[in-house]
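> Could you have a look at this structure, given as C-alpha cells, before my questions?
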Amino acid sequence: MVGTLLRVLLLVAVGAAVVVFRDRIAEWWDGLVGVAWSWVVLAALTQLLSLHCLALQQGVLVRAGGGDVPLRHASTTIYAGNTIASTVPVAGAAASAAYTYRRLHALGNSPALVGWALAVSGIAATATLAVVLAVGSAATGSLWGSLGAFLATAAGVLPVVGLVLVLRHERSRTVVVRLATGVVTTLGRWVRSLRGRQVERRIEELLTSLGAFRLSFGAASAAGLLALANWVLDVAALALALVAVGAPVPWQGLLLAWGAGALVSSARLTPGGIGVVEAALASALVAVGLPASQAVPAVLVYRLVSLWLLVGIGALLLLADPGSTARGGRRRHADTPAS
C-alpha cells in the first residue's frame, strides 16, 4: 500500500516537473547529449572503487574479530546488499542488513561476530560522513559553517562514544538492557511472539558477546579510512560528473551540495531516492552558483553512475546467486573472539 502510494506520488511529481520545466527540458537534454563520455567512464570507475572500499572494510572487520570473508564474497555481498537497500521500499536498509548478515554467517562466522562487524561498519560510516560534512561546512568560511562543522563532528563522535560505553561500561550496558527490555515488553502486549522470551537475559548476553571483541588500532584505522574513502570517492564522482557536462566544479560548496543529496538519500523516501535526491542535489548545486542548465545534467550523470550502474551490477549478482548463500567459500567458525 505504502509502496504503491509512493509510486503514485512520484509519478505526480514527475508529471508536475515536466509541466513546470517544459521550456527548459530541451536545454537540459542538449546538455546531456553533449556529455564527455570519457569523464563519465572515469566517474563510473570512481564509483566502483568507492564500493570496493566497503568490501575491503568488511573483510578487515570480520578478520579483526577472528573470522574470515574472501574478497570475492565481500564484493558480491556489498553490491547485492546495495541493490536491496536501493530498491526495497521503506525497509531497504533493514533488508540489506539481513541479507549481509546471512551471507557472512553462511561463511561460518559467528552471529555475534557478524553483528559486531555490521555495527562497527555503521558507526564508521556515520562518523566519517560527519567528518566530510564538517569539512564542507568549514570550507564555507562563515560562522554558520563553523557551527555546522562542530555539530557534524559531534554527530560523528557521539555514536562512537555511545557504542564504547554500552559495550565496555557495565552500568551503561545495564541501562540499555533495561530500556530495551521495557520496549520489548511493551511491544509484547500486541505481538504475541515477543511474550515470555526472557528478553533481558538475551539482550544482556548479546551485548556481552559483542563487547568481547577487540578492534586493534591498525584495524580501526583501516576501517575508518576505508569508510572515509568511500564517501570521498563518491564526492569525486560528482565532481567528475560536473566536468563531464562542461560545468565548473564549485569546490567551496561541493561537499555541502553533495551532503544535501546524501542526507536525502539516507531518508529513503522513495526507492533509491529517485526523484527526491535529484531534486535536492540539483537545488543544492544551483544554490552554490551553478545554472540549472548545467546542474541538472550533471546530477543525471552522477545518478547514472552512483545509482543505476551499481544497482544493475547488484541485480545481476542477485540473479546469479538467488539463494543468498556463500557457496564455495572457505567455511570456518569464529565463535571465540580474537584477543
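Backbone N, Cα and C define each Cβ position, glycine as well.
Here's the feature list from TrEMBL:
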TRANSMEM  32-56  transmembrane segment
TRANSMEM  77-101  transmembrane segment
TRANSMEM  113-135  transmembrane segment
TRANSMEM  147-167  transmembrane segment
TRANSMEM  173-191  transmembrane segment
TRANSMEM  212-233  transmembrane segment
TRANSMEM  239-264  transmembrane segment
TRANSMEM  276-294  transmembrane segment
TRANSMEM  300-320  transmembrane segment
> By Cβ distance under 8 Å, which residues at least 6 away from the ends of the transmembrane segment (32-56) in the same chain are close to it?
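Cβ under 8 Å, 6 or more out: 71, 74-75, 77-79, 82, 121, 226-227, 229-230, 233-234, 236-237, 240-241, 243-246, 297, 300-302, 304-306, 309-310.
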> Can you say which of 77-101, 113-135, 212-233, 239-264 has the most Cβ pairs under 8 Å with the transmembrane segment (300-320)?
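Ranking 77-101, 113-135, 212-233, 239-264 by Cβ pairs under 8 Å to the transmembrane segment (300-320) puts 77-101 first.
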> Using a cut-off of under 8 Å between C-beta atoms, tell me which stretch among 77-101, 212-233, 239-264 contacts the transmembrane segment (113-135) the most.
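If we count Cβ pairs closer than 8 Å to the transmembrane segment (113-135), 212-233 scores highest.
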